[in-house]
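Before anything else, here's the structure in question.
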Amino acid sequence: MQVYALEAIIRDEPDSGLLITFAQFVLTALMSYPSHFSPRPSQLCLKPRAVPLMRWVPNIVMFFVVNLLNNYAFGYNISVPVHIILRSGGSVMTMVVGYAWGKRYTRLQGGGSHRSGNALFGLDNDAERDIVSSVILLTTGIVMAAMADAKSKGKTTSTSPSAFSLTSIDSELLTGLSILFIAQLLSALMGLYVQLTYAKYGSHWHENLFYSHALSIPLFLPLYPSLSRQFQKIMSSPEVTIIPDIYLNSTKAFGESSQLLDLPPILLASTSFIPHTLPKNLVTLALNALTQFACIRGVNLLASQTSAVGVSVALNVRKLVSLFISIKLFGNVLPFGVKVGAGVVFASAGLWAWEEKRLGDGRQREKVGGEAEGLGEGEAKKVQ
């Protein structure tokens, strides 16, 4: 639904990426504020934080820039299917950044009984080859599905192999590709930074959700002129009926003899202030912001419980599901390539989930074994 609403706006107003980002941030901040509300005015009506505010500042800046760049790229000849293709490389980018950070993903010669020594991702060496394979397969499946969808819609200009040659790509598209690449790099860095924050202060994902959005809103102030222009374009879109007139008059809706829903005159007069119609793109913008809140809330919850690469894999699956919903709502038939891509993606995601479960079971056994060993040593000392 989120991708459907996004594509509906982008098709009419491709330059509205900034307004889309702003609406998402404002709505998410408002929806997540109640869980942080405190009646004490001395603390700006906010509960005490578990994580220092300065710790969130780098994450806030990266989060703001990543979201801004992702939506800003639509103004540079980047279609929604191509957008999905390029963003599907998030898992690979996270691994590249993790490698630069010190994480190694190749199986060592010593076998699988030893850990890599870096607990950032929590993967042992036995699992790493399968994890790499699952990420590569997943990314391949996303690319196959999105390219097949784009081809079925006639959008082969940006997705065909020839579109990636230097002679056929225009400077505008190259700019869009560069923007998305930078966004992916920053997103990978942000994911690792959040993992380190959770490791040090605990998994306070509610704080991350609220402060990353609320404290990013002032950063839009220098962009107010562009926001105003984009909002005016959204408001000038054709209007759609929100509340039919018949539902604002109980007598018309339920018959002349109906007294069940007859409203007092003062309430009947107040219905004149209720907008019967709204600009179509404004409704779509609100729908996009609401669905984005549901998505980002789930992402933050997932990030508090799994690794940065695990979050990237889950997001890739969500992208494919969103693509299927978009195809269904637009009335398109799933091409064969999309079905094949779906099979590859879900198979690779299943491989990742299996490895995560296996590793989790192994850690639990190690923990129980360590506790039993410690208990045995304690009993032996008592006997001595």
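Numbers run from 1 along the shown chain.
Yeah, the Cβs are placed from backbone N, Cα and C, and that goes for glycine too.
The following feature annotations were taken from TrEMBL:
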type: TRANSMEM; residues: 53-72; note: transmembrane segment
type: TRANSMEM; residues: 84-102; note: transmembrane segment
type: TRANSMEM; residues: 131-152; note: transmembrane segment
type: TRANSMEM; residues: 173-196; note: transmembrane segment
type: TRANSMEM; residues: 208-227; note: transmembrane segment
type: REGION; residues: 360-384; note: region 'Disordered'
type: COMPBIAS; residues: 360-370; note: compositional bias 'Basic and acidic residues'
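I would like each feature placed in context: is it buried or exposed, what are its neighbours, and how far apart are things?
Residues 18-19, 22, 25-26, 28-29, 32-33, 35-36, 49, 51, 53, 56, 59-60, 63-64, 194, 197, 296-297, 300, 303 of the same chain sit 6 or more residues outside the transmembrane segment (208-227) yet have a Cβ under 8 Å from a Cβ within it.
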Determine which residues of the chain contact the transmembrane segment (53-72) at the Cβ level, with the cut-off under 8 Å and only residues 6 or more beyond its ends counted.
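Apart from its flanks, the transmembrane segment (53-72) reaches 17-18, 20-21, 24-25, 83, 87, 179-180, 182-183, 186-187, 189-190, 193-194, 197, 201, 207-208, 211-213, 215-216, 219.
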